[in-house]
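Structure, as structure tokens:
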Amino acid sequence: MKAIRDNARQKMKKFCRVCKVCDGRVCAGEIPGMGGLGTGASFKNNVSALASLHLNMRLVHDITEPKTAITLLGYELALPVLAAPIGGVAVNMDLGVSEEDYNLSVVGGCLDAGIVGCTGDGVPPVIHEAGLAALTLHHGCGIPFIKPWEGAELDEKLEKARDTGCKAIGMDIDAAGLLTLRRRGRPVAPRTSQQLADIIGKVHAWGIAFILKGLMSPRDASLAVEAGADAVVVSNHGGRALDHTPGTATVLPEVVAAVGGRIPVLADGGVRDGGDILKMLALGADCVLIGRPVSVAAVGGGREGVARYFETLGDQLRQAMVMTGTPDVRDVSPSIIHGLNG
Ligand SMILES: Cc1cc2nc3c(=O)[nH]c(=O)nc-3n(C[C@H](O)[C@H](O)[C@H](O)COP(=O)(O)O)c2cc1C
């Protein structure tokens, strides 16, 4: 991983320092780039919310080979982890890597590691086209995310996503705040419950599940369930959509309570190692997504770099499970977090 990170540091130097801990401090406000919006508080809060949680060690048990596999919306995953959708790293940052190759590295590397990758969306069109092409090449083994476009663009892109053969399509509704897209004549917008239900009904009619990403409140999560979503992602877009939000780990338990087990709850933002994955699961997430570190692995090591990164995370997760006495990722006790009961 060191060689991969060193290589990425060289290629990404104008946009990402590949810091020892990717926590949003050095890159605050750097958009385009890998930073968080404005002061970078939302990105930094994601990392600090996880860092403020501490794991209890429990060694008096017989768990040596914890189970890490889950099934999520028809996808079999060796780890409760997905590569988050990241659009435009290559095309917007001039890294000497094409958007096509970047997406092939992410989608292919995830499959090599026994999980699946998500693909992103944006302007210019090569962003969604490269993601969808990588998914099509891998027989739909991944999840395309489409932005909440206004007008015909949404339907056109949902149909293109369908044609990859995927089992689920996501929408990052928190992209509704990206005024840059509106200024470029490509408006995105929030959606009412009824509009969401209509979109979800259309996707369901194709036999495809629908994931709503970018929710930070119990209210929105409940409305998503009522509109028919098959999963939600607690996310603040890695701190890129609104400055000054809490960290995702802070709001996750309230969202999980509001959803009440009706659909899976996913979460992302600041997840950096196996311990962080386990913390999110202990707070009630069924699966996590990881963003920036996957970009670093893909730029620095291509498909192999991505696979290696997730293998490392799997080792860390298994170790953390043994050390906390956790037998199965599908049933992680909140009591493994110091100060929480369960
Ligand atoms: C450069 C960049 C581009 C992104 N593009 C997308 C996108 O196209 N669609 C999307 O749903 N989220 C996008 N995201 C947000 C990620 O999916 C994810 O929510 C976030 O990166 C998670 O935080 P982390 O990077 O701290 O792990 C992007 C994030 C970054 C940093």
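Easy rule for this one: first residue shown is 1, then count along the chain.
Cβ coordinates come from backbone N, Cα and C, glycine included.
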FMN binding, same site as Ser235, Asp268, Gly269, Gly270, Val271, Arg272, Gly291, Arg292 - TrEMBL member from Lys213, Lys279: Lys213
Residues near Gly270 (FMN binding site) in space but at least six apart in sequence (CB under 8 A): Asp23, Phe43, Asn46, Val47, Ser48, Ala49, Leu50, Gly247, Thr248, Ala249, Asp276
C-beta crowding around His237 (active site, proton acceptor), within 10 angstroms: 26
Candidates near ligand 1 among the binding-site residues Asp268, Gly270, Arg272, judged by a Cβ under 6 angstroms: Asp268, Gly270
C-beta crowding around Lys213 (FMN binding site), within 10 angstroms: 26
